[in-house]
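Listed in TrEMBL for this protein:
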- Gly656, Pro657, Asn658, Met659, Ala660, Gly661, Lys662, Ser663: ATP binding site (BINDING)
- 859-870: compositional bias 'Pro residues' (COMPBIAS)
- 730-746: domain 'DNA mismatch repair proteins mutS family' (DOMAIN)
- 851-890: region 'Disordered' (REGION)
Amino acid sequence: MSDSKPAAKLTPMMEQYFEVKRGLPDGTLLLFRLGDFFELFYEDAVIASRLLGLTLTKRQDYPMAGLPYHAADSYITKLLAAGRKVALCDQSGPVQPGKLVKRALTRILTPGTTLAASQLDANRNHYLCALSHDKRGLHAAWLDLSTGEFRIASDTQIESLLPVLTALSPAELVLAEGIFSKWEAESQAHHDAGHADLRSLYHFCADHTRSEIPNYHFEPRAGAKTVMDTLGVLNLEGFGISPEHSALGPAGALLYYATETLRARPENLRTLKEYRSSGTLLLDPATLRNLEIFSSSRGTREGSLLDAINRTRSATGARLLERWLSAPTLELHEIHRRQVLVGEFAAQPSRLSALQDSLVQVRDIPRILGRLQNRLRNPRELAGIRDTLAQFPKIRAVLADWNSPSANSSSPEPKRLAAEYADRIAALPDLLALLSRALADELPGDVADGGMIRPGHDAELDRLRSLTTNNKTWLSALETTEQQRTGIKSLKVKFSNNFGYFIEVTKANLHLVPTDYIRRQTTVGGERYVTEKLREKEKEIFTAEERALAREQDLFHALVSSVLAEADALSRTADALAELDVLAGWAALAREWDYTRPTVDDSDQLLIEEGRHPVVEQMLKSPQAAASASASSSAAFVPNDTELCASGAQLALITGPNMAGKSTYIRQVALIALLGHIGCWVPAKSCRIGLIDRIFSRVGASDDLARGNSTFMVEMNETANILNNATRRSLIILDEIGRGTSTYDGLSIAWAVVEHLHSDPQAGPRTLFATHYQELTQLEKHLPRLRNLSVTVKEWNDEIVFVRRVQPGAADRSYGIQVARLAGLPLSVIDRAKEILSRLESDEAVVALPATTSAAAPHPAPSSPEPKLPPKPKKKLTVEPIDDPQLSLF
Ligand SMILES: Nc1ncnc2c1ncn2[C@@H]1O[C@H](COP(=O)(O)OP(=O)(O)OP(=O)(O)O)[C@@H](O)[C@H]1O
């Protein structure tokens, strides 16, 4: 069934429907307002009934499905979550009997442009992102319409821009028509390393909801003009952006798309900022995933780094934390500023908790403003502004207080950064007074319902309301008066939506009805009447109600204007509060988990004394972990030291038994380094971090079968990316490189990777390399910047006890069989494995098959009943330096 207009003659209403439908982008579901319902027709009805479980009905001969107007929000949320676009066509004129109601398209909701609170995760940013790619590189613009944050970026290297875009996790991408298929075709046609960037770009797009618009909307000059018009500026110099910036193309496309969907220009955009990859620590997509930065490997927030360091009390704070974590800064000044604030907050715990208690009361100002500015006006949100404003004086006071002596010190305190924040919190007492005076205690969810203005705020409104009240009093008195006048005891004055007010008389009393009663309707039990006076009063009531509602709506819009007049001050305050929230949260975290302030500088060091894994440490202390901990296992996290230096101890090779803690250790180093760059304190006794440009990781086995990549292929892709892009300023963590293939191939690859990372004679990326290939430990003697580390275990009666201590030197063996026993492998298998191992370790070249196995074997190999052992690499591998700078394997 297509949505094209059917041949049969249409009703005027359906003509109206098709007129709107024709103007919509393909695939948009049209919700068409009919009275108390939004209706969907034709194909839309079929799709919506399937996605929402709505009943599919028929109107004439076409399908139709409806959803109640008042519950539309939750249905729309589901449609957006299913990646659908939804157009709302509402009634725009009065409903008059017998006449076609005027209707207009009010907005198109798409996953990236929705503004309603119910359709947004309060704690997450919600980006719409446009991309283009040409010979100058990748160009991107992203916009959170709900808060007004708007950025552009351009980079010659796709790989430098893609990390931040992945971290932003846009809700929707806007692309030029046909470009996605082009990228798809190119990335499928070329499997070589030269096209790796384009393949990543294609995969990134494939993972997100996409919308395509004509290519000409991406034209940079037109884009610059659209941006200037939308921001209301004559040039972009004030934002430090060249009018030739290539990302102005996608920026213009974004604004075009946003305007189309909102059916109006976005009104809450004030600035445009440029993002520069060179100013941030880049975390490529694999690293974000491997280090479980934003979500755990199970896909949940719980278990992620973000969750472990989030102590924010407001949604704006939570979103800022996410932004800081997606683009950790390389500006030392900014890092130090945040660290100092964390220290100041942590030093005064009672003031800290007073500050945090006030922050809980702070509502989501940027999103409320975004909705008010973009015509989504809910009375309850003005109350949100009012309640937030009420917190401002308290917050200012507690911040200003930071300069006065704290409880445990009598000496005058130096000027604190925290106190300077007091001036960034707007006062706005007049606005607070106005909202407190004007808004009713109980507020409706919809302006159309009325009842949002408090009595006493406006004399005219009070007068109109009293008219209604007086007339209603007259009405209730009417029943008694008429009962007395007519002698009909059962006479009632009633109201119905269809007839308005009327007098009801039962059949038995009809003979008592006076002559001035005008009969309106006969019912089963009697008759309904009106009188001239009743009609008059009814009219007065309706007019007064209508006028009161209109007056109230005018007053409400005036309140909105008063709030919007202060939008800049409110936004600036909201920014300051979000920062305070993140930093105060980190101070609380630092106190709770004993974090320390790291020294972040531009050295090439990474020194950590007694470092801990921020997530595992908290998990081990969680009530669930305590409940499941066996008597022998200790719940405390064992801290470990790290010493890396690009020009000194550059490469740490970590060996040790399975389960010993190698992966945990190398991840903890990367996470501590990352925390250092966002300005957070770190879980360690002391720490020094020389700025890092990128963190790379290759850990764990994950496959990508859906995209036709095997586990080994993913591993090698990630390794290739590291080797091609790491610099002397990078940090690399590698976990068991080469594990996904045969022992020799794997060992050879791991070996060559180590050599490559160490190939620069002066310095190389700081690297932690965890491996089970004991052979690699010999490299320490020949590669001057390589250090062997091992994670210790204690052996006791053929059992092992994990000590979790990382110490210098190589591990002697891997205890795999003991760990397998801990994992519950049958004892017979364990015993047999030990037997095979002892053969492998001896000089025997044959392993005897047990009698049962060979006897039971259906087709024993006649010529060779006992398998030959493979040649043992272990004893034959030695490393010998030769003149060649590379090393050889003999
Ligand atoms: N420092 C530590 N303190 C306390 N517990 C730890 C520590 N390090 C690791 N663990 C615990 O030990 C478990 C195993 O650690 P991890 O996965 O790092 O071992 P591994 O050496 O990488 O093992 P494999 O070689 O088998 O991959 C972790 O799940 C963690 O709970």
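Glycine is no exception: its Cβ is also placed from the backbone N, Cα and C atoms.
Those residues of the chain, other than Gly656, Pro657, Asn658, Met659, Ala660, Gly661, Lys662, Ser663, with a C-beta within 8 angstroms of the mean position of the ATP site C-beta atoms are Val791, Phe802. Long-range Cβ contacts of Met659 (ATP binding site) within its own chain (separation 6+, distance under 8 Å): Phe802, Val819, Leu822. Around Ala660 (ATP binding site), taking its Cβ as the centre, 26 other Cβ atoms fall within 10 Å, counting all chains. Around Lys662 (ATP binding site), the same-chain residues at least 6 positions away in sequence with a Cβ under 8 Å from its Cβ are Ile654, Thr655, Gly656, Asp735, Ala770, Val791. Counting other CB atoms no more than 10 Å from each candidate's CB, the binding-site residues Gly656, Pro657, Gly661 peak at Gly656. When secondary structure is read from DSSP and collapsed to three states, Met659 (ATP binding site) falls in the coil class.
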